[in-house]
């Protein structure tokens, strides 16, 4: 299974390399080769319990698929923005690619360093790949860009030491690289932009995302440290939690956002949300869907009898939420992507805040949330946090947030790139959902080395092709320019990756589909 997963990742890397064919795509190939070898060292460390931290069990390290995501995103973003003539975002793509490569190299060096006896061949390979990447960075980055890359690496190292210690068994090494690498990059971008504020420059919704992500992470770190010294389940601690959340929100996050957007954040948000009648209709529709999702949770818990406390929701039941999320995102993508962008940020902040309430048992809802959500746990929620619903939201939202709007002056990239914002809907909302439902109910032929079925994968590919046809009908901004073969190949590769990966597919699959469509 690991070998097939690696072959699929190499197929994506070589596809991007064939399209881009520059020094950074060559570096991506070198990084993939060394990550393939180092991945087995990480897997051995996890099996023997020799890793520095406690990682999520029942999965491999996922180093190769995770190592390639950020570098490939940077490479394809650089290429798209170069074609559009947007120099600033072309350089931004170079920084993203360089940062991703350096973070992946750090994780590889860490694995090689703690493996006993020292794997000589892997050390040599990692050294060669690292030399190629550093040499390329030396001749491609300015001094300020090098400093920016090193800043992200420094933040990543400290953040990893803190969060992997506080949250055992929540991530595999690959998932930690993706999640903590992303948070480190966002934090560095926020610091950089806060120190170089120019009035009227930058989109307020981009600042809104940066501040929201950093704000909820800092909030979690603050309360984690605080509740080491006091019991979080008492009413006094709960009142203190709510009071300090209000203080940090109104006293730190709001002024920070005000400095960036040069206006009152609350007034701006209200004006933005109710700016047009279409937005009002979308908000009402989304409220109805949110109420429906809550109804599913309460109904499934009501069905759970007192005799079957160990009963867990079925795969099909959990996929109800995938259908609801598809119904949420598709109208937003068609009618108002900016509103969807902001609404997804707000939803992410609410989800993480509610997870804090559940994790710390904050009264009056902490224990209730623990009881309600325990029904929907699966083997991937082996740590103290429940992250699968947050990963689902991230998988649907990241293609919207990472879409290079300045490099698409008409609001859409040419060819297959027009489907980039739909990557989450196609890969997770349609593909993963259909594969799980049909695979678990009608699948008989299993892929070698996995529990996934051939029927589920083929049905997922077919369903995604139908979804692309429907997008063409209902979204007039999408013009594929006869790039159907590339779309079919992209969807097929990602669907096969879903069958073989043991990483969080809600997070990984949309990013790989986005990379292929942007390429």
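Each position is counted from 1, following the chain as shown.
Using the three backbone atoms N, Cα and C, a Cβ is placed for every residue, glycine included.
The following features are taken from TrEMBL:
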- 7-37: transmembrane segment (TRANSMEM)
- 57-76: transmembrane segment (TRANSMEM)
- 88-112: transmembrane segment (TRANSMEM)
- 118-137: transmembrane segment (TRANSMEM)
- 149-167: transmembrane segment (TRANSMEM)
- 240-258: transmembrane segment (TRANSMEM)
- 278-299: transmembrane segment (TRANSMEM)
- 320-335: transmembrane segment (TRANSMEM)
- 341-361: transmembrane segment (TRANSMEM)
- 422-442: transmembrane segment (TRANSMEM)
- 454-474: transmembrane segment (TRANSMEM)
- 486-513: transmembrane segment (TRANSMEM)
For the transmembrane segment (278-299), distant same-chain residues with Cβ under 8 A (at least six beyond the ends): 317, 320-321, 324, 327-328, 331-332, 335-336, 339, 343, 372-373, 375-376
Contact yes or no, the transmembrane segment (422-442) and the transmembrane segment (454-474), 3+ Cβ pairs under 8 Å, gap 6+: yes
Interface check, the transmembrane segment (7-37) with the transmembrane segment (320-335), three or more C-beta pairs under 8 A: no
The transmembrane segment (149-167) in contact with the transmembrane segment (341-361), cutoff 8 A, at least 3 CB pairs, sep 6+: no
Candidate ranges 88-112, 320-335, 341-361, 454-474, 486-513 - greatest C-beta contact count to the transmembrane segment (118-137) (under 8 angstroms): 88-112
Candidate ranges 57-76, 88-112, 320-335 - greatest C-beta contact count to the transmembrane segment (486-513) (under 8 angstroms): 57-76
